[in-house]
């Protein structure tokens, strides 16, 4: 595994952006003009200087960032959790209270970015000091840690105890107020870096990430590839921003009525009302689709093809026009492209026999150049051998059959017949849930099909396939 | 030639010059080799023409990059929010937690929706992968992986299998069986093999192919049936953290983001890096395509989300605020692409207006980092998974 020094650097790098930001905010909070007004706080009999109340922090955050109460409280909590601000009254409870509770800024010496990770030795010294001061009366988990450390770094224990004694002696020579402040600071630091069991550990960051990889050699080869890549990028055709951005506006506008989160959905959103009518009316095998769904087929050819009902309707139309073989061919090509590798030669053979061979039963009209290239590729059939032919037929359908379908009676009648669901009102009693019914698992449906001896990659007209169609 | 100091883990005969020296353990195209530092330097200089050094090549690459940025800027005649001025602003936005899924014993790291719009699969730090019916909140299947930190999971398009992987460096596919007596783990199929952790995986249009990204800096396309590597994608110089397939007509490209701050667009057939974007200031944690396929959004540790347009070939929007300190771990678009949901490491979820660039809402509820955010296939809700061991469905 990784060596300790490496891991230190790794995680420190990871933390840096958010810590730097937090520290900048903390510094601006302490700005004499624009920051929080600090005053003396009375703690029992001593007076602690440079303290502020929770409410002060809260209000400053709201004013500075123009945010809501909830967000200000949230950000304030983060500062306390990460040890940049610590409470004076209940030091073990690292939360922000929006009232008169006193808080102080942690000294930069103890900031996360300067003293991280906390060293075991320092922790041992801290616990030793506490142990001496409280004459052995440590809190449960601290006692456990103390004993564990004693066992682990037994060889330097004399040093630890000596340091602890030195530091205690030095602190006795300070003014009481200073001493309390220093103790609070140190305690806050350790509460963040060695959280008591049961509280959130902020230090946990997940597995190692590296910004540079020993597996990728930054050598001549790498740079040459980069240079080549940059040269190609320079030569690329670009589109003006205004055109690109306009297209987003159009897209969002067009799809807004179909976006349940933006505009709701009829009859109702199943997650909100516990009524699954919406899913039932839009499932794959419905006989009368909804109006919105039929309208969506007119947005793009891909929309029509990805909807199983749409595809079926389109096939019916093509059959009337005697060009159904185009869609069947396209589908067969999709099957080759996305199916099992071992079945490719067999499938390609089938496709040739049915669609491409001269005199084939469902012959498709491809230009001679593409046909030549495809037949050449058949000698060594691979996954993408039918790509060119498929593309040709796809664009043929898109430019020719698809626009005519949208103008056809078949489509217009379907649109007229299409249903617009009634809105279901939310239940009057908001706390009573409707019964939430479970639905058959897709795994079950296909298992039944398997039991019947059919294959998983069934023709996509069947309702329970999922391979070639995209919802 | 000054030798850079390095951490020597082994000492012994160099694979190249056979002298006994401290060895650097490096990988060349995923093959481990042990060279002494002199041989490593010599190898780095291989392929250089007369008068070239790696430094001159690096400088040339940098100058080309600068020229590329200039070219990109030339066609940038308007900002997104200017174009969006004529659109109505979004009104009050109310989204609440509609379901809370409790059952994981440890941090939830990843989740994916099934195409039936109500089932989900989720994976966690303790190696558990659970399939839920999110609508009823019932657990339907559970698998325990032999490794911890299962950072990637995906639902197969047919709904009959799930793929997952993490610190085991592999991606395994589990067919979902409804037989109560059957042990799912027994039918497991190991598909992908990387040399470092698996960060993300996704099925392509069928159950038969899986695309993976890994901490070893590469992405790869695998055939599920045979476990064979179909194509590998090299170009990132650090861990790759996330990938997303393009919803385009031809279905041939995908985008990946990594710790080298780069987002790369790849062609699946040729394995080539088609386009590259490098404007983030820190690791890119998540990448997602805009529904039309013409753009993609990224979420990064620098606390911003950005939108990149593929035809204009540049960054077109930044979603950030002074009050947002922590990085975005996961992003996803609503169905129309008007809203961008982003989960952050400060436990909140911010909802952005993609066109106007403003924040529409901030959602609280999770008690630890939000690790994953995904919108359901029909856009009725989105699911968020968090390090507080729960998943929430919002609508």
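Glycine is no exception: its Cβ is also placed from the backbone N, Cα and C atoms.
Taken together, the residues in the coiled coil (B:54-81) have a mean pLDDT of 86 on the 0 to 100 scale. Here TrEMBL flags B:54-81 as coiled coil.
Within its own chain, the repeat 'WD' (B:101-142) is flanked in space by residues 148-155, 157, 159, 162, 164, 166, 174, 176, 184, 200, 368-369, 371-372, 374, 376-378, 380, 383, 385-393, which lie at least six positions past its ends and keep a Cβ under 8 Å from the stretch. What TrEMBL records for B:101-142 (among others) is repeat 'WD'.
Residues 27, 30, 110, 149, 151-158, 160-161, 163-173, 238-245, 251, 254, 256, 258, 266, 268-269, 271 of the same chain, all 6+ positions outside the repeat 'WD' (B:191-232), place their C-beta atoms under 8 angstroms from a C-beta of that stretch. Per TrEMBL, repeat 'WD' is recorded for B:191-232 (among others).
Outside the repeat 'WD' (B:233-276), and at least 6 residues removed from its termini, the chain residues within Cβ reach (under 8 Å) are 29, 196, 199-200, 202, 204-205, 211-221, 282-289, 291-293, 296, 298, 300, 308, 310, 313. The repeat 'WD' annotation in TrEMBL covers B:233-276 (among others).
Secondary structure by DSSP for the repeat 'WD' (B:277-318): 0 helix, 23 strand, 19 coil. Annotation comment: TrEMBL describes B:277-318 (among others) as repeat 'WD'.
For B:330-362 (among others), the entry in TrEMBL reads repeat 'WD'. Within the repeat 'WD' (B:330-362), the DSSP-based counts of helix, strand and coil residues read 0 helix, 19 strand, 14 coil.
Annotation comment: TrEMBL describes B:363-395 (among others) as repeat 'WD'. Here the repeat 'WD' (B:363-395) has long-range neighbours at 95-102, 104-113, 115, 117-118, 120, 122, 124, 132, 134, 329-336, 341-351, meaning same-chain residues at least 6 beyond its ends whose C-beta is under 8 angstroms from one of its own.
Mapped onto DSSP helix, strand and coil, the repeat 'WD' (B:191-232) counts 0 helix, 25 strand, 17 coil. Counted with DSSP, the repeat 'WD' (B:233-276) comes out as 0 helix, 23 strand, 21 coil.
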